[in-house]
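Taken from TrEMBL as is:
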DOMAIN    1-241  domain '14-3-3'
SITE      ARG48  site 'Interaction with phosphoserine on interacting protein'
SITE      ARG126  site 'Interaction with phosphoserine on interacting protein'
Amino acid sequence: MAKLAEQAERYEEMVESMKQVAKLDVELTMEERKLLSVGYKNVIGAPRASWQIMSSIEQKEESKGYEHNVKLIKDYRQKVEDELTKICGDILTIIDEHLIPFSVLQLSGSGEVTVFYYKMKGDYFRNLAEFKTDQERKEAAEQSLKGYDAASATANTDLPSTHPIRLGLALNFSVLYYEIMNSPERACHLAKQAFDEAISKLDTLSEESYKNSTLIMQLLRTISLSGPLICQKMAAVRIIQKVKNPSQQRLLSIEAFSHVMLRLKS
């Protein structure tokens, strides 16, 4: 049913179907894990995009002094944030109450399974940290860090450096450091380390794995090469940190990172 829902692009139903499978407390197959992951990525994708658009509009209206419009946008944005909170809480509950206890804590799953679930945990706490503020943002960031740390501990011992999940973990971990924790130096270091460890092992990959891995490696390389440019922008990052409005803070952060990416491509 989940595969049919995916083909029909009915992702809410796809997620509901996979939630029922996850709650059976059985080890999910690789295909089932992929269906669960893809389902939630698509379900959360639209409201995440909506939040970013609203934040951009809010910032523009605020700069014009249109306080009434800003209030309306904030109220509407809160609805989207409530939706995002529910989606993230939903999958995190599944991970914590079913997937990790059965496949990880009971040691029935492989290293790949462990990395997959802890990476997902890090991802969705990072998604929460994107729009939360103050203490809630701090707590979400800390939980995301714990998830990525747990995933990395297993990935570094159980998965080859070229494994797509290990590479994807390094990429998302770098994003956490850059976008959420305002630590571009650590983001670049992590990305460079992951790229360097994988590049020497590319000749061991099959054609299919080669395509999957090199795509992520290109992104890691872009981040790692941006180190000097990002460090030049540390003053801008410090200014960003002083901006109290969370939507403005994120927009400035994205703008700075986009500038670095454009410099690299030129």
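Cβ atoms here come from the backbone N, Cα and C positions, even for glycine.
Mapped onto three states, the DSSP output places ARG126 (site 'Interaction with phosphoserine on interacting protein') in helix. Comparing ARG48 (site 'Interaction with phosphoserine on interacting protein') with ARG126 (site 'Interaction with phosphoserine on interacting protein'), their Cα atoms are 12 Å apart once rounded.
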